[in-house]
Ligand SMILES: CC(C)(COP(=O)(O)OP(=O)(O)OC[C@H]1O[C@@H](n2cnc3c(N)ncnc32)[C@H](O)[C@@H]1OP(=O)(O)O)[C@@H](O)C(=O)NCCC(=O)NCCSC(=O)C[C@H](O)C(=O)O
Ligand SMILES: [Mg+2]
């Protein structure tokens with residue numbers, strides 16, 4: 001199990017950010033070649049990012065590279081260079097269909113990308129939301145769906161409002177698609193880096209929905225994000241008691257038991273094991 005509570009974007013052209021990220025407690029990093037990099041800096045950013053990935057300086061964390069979109073003048077060269085650097089994943093912005101995923105998969109294979117380089121597909125257009133199931137199932141190499149809520153809101157002509165009502169249908173459709181396909185799914189970013197309260201509220205909402213974590217843009221968003229998406233001490237304790245109580249019930253020939261007055265069946269034991277597995281994976285990571 002890979003914890004992906006906090007996934008930090010950093011601009012690929014920004015040497016200070018690339019350096020600083022080595023010491024930041026993000027579960028995963030996305031070194032960006034797309035929207036955070038100006039056209040004049042694209043080639044330099046590509047070189048810097050590939051060198052940073054090859055350096056192995058980011059420890060145990062997952063390191064992904066977001067390439068420029070399919071059809072842009074940089075996309076093919078980005079994919080070739082990133083394939084050689086061999087990050088854990090390549091993030092494809094504005095994926096719109098399974099055909100896009102197949103094209104990226106073929107290009108990575110042709111460029112000699114290692115098998116461990118997964119594809120993360122960004123869902124950030126109305127067409128992609130409506131085809132989320134097809135995209136999520138397009139390839140075994142595709143392991144994560146990533147919401148791009150800025151682009152999505154732009155394309156929907158939606159407004160950013162507390163509670164995100166205009167986006168909830170899209171978030172739900174993407175979650176359904178990811179879970180049905182057995183893939184991970186990450187929420188989009190929160191733009192106001194000074195609004196700690198609004199950010200944490202959005203993290204809680206995303207966790208309640210079922211997201212594995214949230215993409216973030218600033219170091220000060222990491223601690224609250226990691227905290228909200230991690231199992232709490234109380235949840236870990238409850239999970240242990242659920243497993244113990246159920247095992248004892250099974251030994252006594254019963255298939256159902258109560259813990260704290262609530263019914264516990266096998267499915268709750270599976271949930272409890274997932275909680276403990278995530279807690280252990282987080283322990284190993286940091
Ligand atoms: C949002 C920022 C531009 C804010 O920058 P700034 O005002 O310079 O931040 P601070 O001065 O508060 O920074 C304090 C220190 O932290 C370092 N820092 C800041 N951000 C990062 C980062 N992302 N990774 C690593 N380090 C970071 C600064 O260097 C300072 O360090 P020090 O020198 O030691 O004081 C900025 O945070 C930023 O650029 N964030 C990332 C933006 C980005 O990558 N955007 C693209 C991805 S999001 C997206 O595309 C959305 C999606 O596609 C969609 O459609 O929704
Ligand atoms: Mg975007």
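Each residue, glycine too, has its Cβ placed from N, Cα and C.
Worth saying up front: this structure is predicted, and the values here are computed from it rather than measured.
Record features (TrEMBL):
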- 5-219: domain 'HpcH/HpaI aldolase/citrate lyase' (DOMAIN)
- 66, 124: substrate binding site (BINDING)
- 124, 151: Mg(2+) binding site (BINDING)
Neighbourhood of residue 124 (substrate binding site) by C-beta distance under 8 A, where only residues 6 or more apart in the same chain count: 93, 94, 147, 148, 149, 150, 151, 152, 155, 188
Among 66, 124, 151, the binding-site residues whose C-beta sits under 6 Å from ligand 1: 124, 151
Same-chain residues at least 6 apart in sequence whose Cβ lies under 8 Å from residue 66 (substrate binding site): 9, 30, 31, 32, 33, 34, 90, 91, 92, 93, 122
Assigned conformation of residue 124 (substrate binding site) - DSSP reduced to three states: coil
